[in-house]
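Engineer: Okay, these came from Swiss-Prot:
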- His83, His182: heme b b562 binding site (BINDING)
- His97, His196: heme b b566 binding site (BINDING)
- His201: ubiquinone binding site (BINDING)
- 33-53: transmembrane segment (TRANSMEM)
- 77-98: transmembrane segment (TRANSMEM)
- 113-133: transmembrane segment (TRANSMEM)
- 178-198: transmembrane segment (TRANSMEM)
- 226-246: transmembrane segment (TRANSMEM)
- 288-308: transmembrane segment (TRANSMEM)
- 320-340: transmembrane segment (TRANSMEM)
- 347-367: transmembrane segment (TRANSMEM)
Amino acid sequence: MTNLRKSHPLMKIVNNAFIDLPAPSNISSWWNFGSLLGMCLILXILTGLFLAMHYTSDTTTAFSSVAHICRDVNYGWIIRYMHANGASMFFICLYMHAGRGLYYGSYTFLETWNIGVILLLTVMATAFMGYDLPWGQMSFWGATVITNLLSAIPYIGTNLVEWIWGGFSVDKATLTRFFAFHFILPFIIMAIAMVHLLFLHETGSNNPTGISSDMDKIPFHPYYTIKDILGALLLILALMLLVLFTPDLLGDPDNYTPANPLNTPPHIKPEWYFLFAYAILRSIPNKLGGVLALAFSILILALIPLLHTSKQRSMIFRPLSQCLFWTLVADLLTLTWIGGQPVEHPYIIIGQMASIMYFLLILVLMPTAGTIENKLLKW
């Protein structure tokens, strides 16, 4: 008789994806982030479900309902902070996961990569709408500023913004629809993530060398299940240190002031994980130009497979490309820092230089480095 996990229609799918899956024998800890992202998503859906039981999406009661969750609901404070800081962990894992794909050339799996880009955009939309729900000052003004960017679209811009708002300003209708979208999107993300995994398992995982590992595969279980559990424990440790010791470290103090349309905060800024894109947006002194740069700063990821000029897949044996890759990482950290600073000298010029550098590295320098490396190797 065949083993049940190999014969049962449902168990068979799980078996082929997580148990008997042939995996490369040499994948490093950089390959842990996929499973960590799955864990972050499940954590956020579960904590979000319990938060939604007590939250009210009405402008008059939203702020107090969040305060009520933190003060009066059993363990409400820990659920709320696990949800908020879980989102930060989600983005750390996302950026690490995408960075790994960039470094080791995983983007040559076109379908998997492009679905990953769609996932990134969907997660960013979800996080943005979630940040608006507590209805503090930064929630309200963040929602106003970011949705207002769409008014830069010629001809239909203003109508589009008012349609999204459900009125002539960010108000009750906006908050209600943002809550509805914030609730449904994680389930859509889960579905897209399954398609992401489906396409990945069509080709099998990449590995640090970037060459085929068909001749040396090992079963996913127990080797990588144990490795993933270690990663999960470290992630939970980091998250709980954040939640239990400094829950507001990554938040904005302005969000503890109830939303007031008549009083603009001195520095409107999004959550830390959007600061790099916000810095690119602010570095262009033209509204439409800034919006286009903002959109392109994320969508540029979809172009990366087309910009791959090297005859080697991974960067592991390409020192020139490695230097440029880590320059890009440093540049993104610089942009993240600038995004949180006020719009004044010298931050303006630093932001503009870092924005130019970002696009220059991806569109020009990295493809050129790939060609130079081919020439140096006489390929």
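Heads up, the Cβ atoms here are built off N, Cα and C, so glycines get one too.
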Engineer: When the Cα-Cα distance from His83 (heme b b562 binding site) is computed for each of the binding-site residues His97, His196, His201, which gives the smallest value?
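Structural biologist: Going through His97, His196, His201 one by one, the Cα closest to that of His83 (heme b b562 binding site) is His97.
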Engineer: Which range out of 178-198, 226-246, 288-308 gives the transmembrane segment (113-133) the most CB pairs under 8 Å?
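Structural biologist: The stretch with the most contacts is 178-198.
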Engineer: If you count Cβ pairs under 8 Å, which stretch among 178-198, 226-246, 320-340, 347-367 touches the transmembrane segment (288-308) the most?
Structural biologist: 347-367
Engineer: Using a Cβ cut-off under 8 Å, which residues of the same chain at least 6 positions beyond either end of the transmembrane segment (226-246) come close to it?
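Structural biologist: Sequence-remote neighbours of the transmembrane segment (226-246) are 29, 32-33, 35-36, 39-40, 78, 81-82, 85-86, 88-89, 93.
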Engineer: Rounded to an integer, what is the Cα-Cα distance in Å between His182 (heme b b562 binding site) and His97 (heme b b566 binding site)?
Structural biologist: 23
Engineer: In this structure, which of the binding-site residues His83, His97, His182, His196, His201 has the fewest other Cβ atoms within 10 Å of its Cβ?
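Structural biologist: So among His83, His97, His182, His196, His201, the binding-site residues given, the one with the fewest Cβ atoms within 10 Å is His201.
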Engineer: Six or more residues out from either end of the transmembrane segment (320-340), which same-chain residues have a Cβ under 8 Å from its Cβ atoms?
Structural biologist: 99, 102-103, 269-270, 272, 274-280, 282, 310, 347, 350-351, 354-355, 357-358, 361-362, 365-366, 369-370, 372-373
Engineer: To the nearest whole angstrom, state the Cα distance for the pair His97 (heme b b566 binding site) and His201 (ubiquinone binding site).
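Structural biologist: Here the two Cα atoms lie 17 Å apart.
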